[in-house]
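Copied over from TrEMBL, here are the features:
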TRANSMEM  44-69  transmembrane segment
DOMAIN    75-199  domain 'Phosphatidic acid phosphatase type 2/haloperoxidase'
TRANSMEM  121-141  transmembrane segment
TRANSMEM  153-172  transmembrane segment
TRANSMEM  184-201  transmembrane segment
Amino acid sequence: MAADATLKPSCQKSHDNLFFDYVGDHPKWKPVSLTHVEYPKGDYLGFALAWCSLMPIHIIVGMITLIIFRRELHTVTFLGGLFVNEILNMVVKHTLAQARPCANHIYEHSSYGMPSDHSQFMGFFAVYMVLFIYCRLHYSQSTTMWDDLLDNLWKHVVAFGTIALSLAVAFSRVYLRYHDINQISAGLVIGGAMGVAWFIFTQTVLTPMFPVITAWPVAEYLMLRDSTLIPSVMWFEYTQSRAETRKRQRRGSHNSYYKSHSQ
């Protein structure tokens, strides 16, 4: 402890900061618990699992980015389901009021531990993704047996990777002593059940409403779109982009021909 104190750089005692008076002389600092993860010093596995534990935040940021650039209604409903799942987690946590396991963390979480919110988030995400991959998603226009094999292969790879990532996040919460086995197990089960329920709700209730929603003036202004009836969005956009590029190239060469002959 003394060695750490000697290595700590000195600070400048100054009251020139405009907000110093507002904060006070000796404030009690508190980290943002959403992104605060501790691991045993020198433990490389713990270091990797600490980053793995932040995966739900990366997923949320990625989905918001996807919505901004793609404007797909199904992605919006997927994100909405994740938020509903988090609200359910908070309700169950405060209802059960079960404490977290004892640990020697620098910062102790003040929230309850049953069920694990990270595990419930990843359980929802994994189950919904697997259902979406096998029930809704198509990679290419399958014309041969090899196309079907390739289509199924990438589905299996993505589904396995998603499940493995979810289990890794759940394991990280136990390894880093933020939750016990029962708390992450409950989180995975509740999240998985919510993923199934939300997928069915999206398919049977929300998806039929997408054409109506996209026709709203505000939806047209925001350029929201519904690609439900397109079996392979990637293939559709690829072929449409190539066709439009070739059309513009022909139009450009045609205009260049007339310009050269008119001079």
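Glycine is no exception: its Cβ is also placed from the backbone N, Cα and C atoms.
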Closest-packing stretch to the transmembrane segment (184-201), where packing means Cβ pairs under 8 Å, from 44-69, 121-141, 153-172: 121-141
By DSSP, how many residues in the domain 'Phosphatidic acid phosphatase type 2/haloperoxidase' (75-199) are helix, how many strand, and how many coil? 91 helix, 0 strand, 34 coil
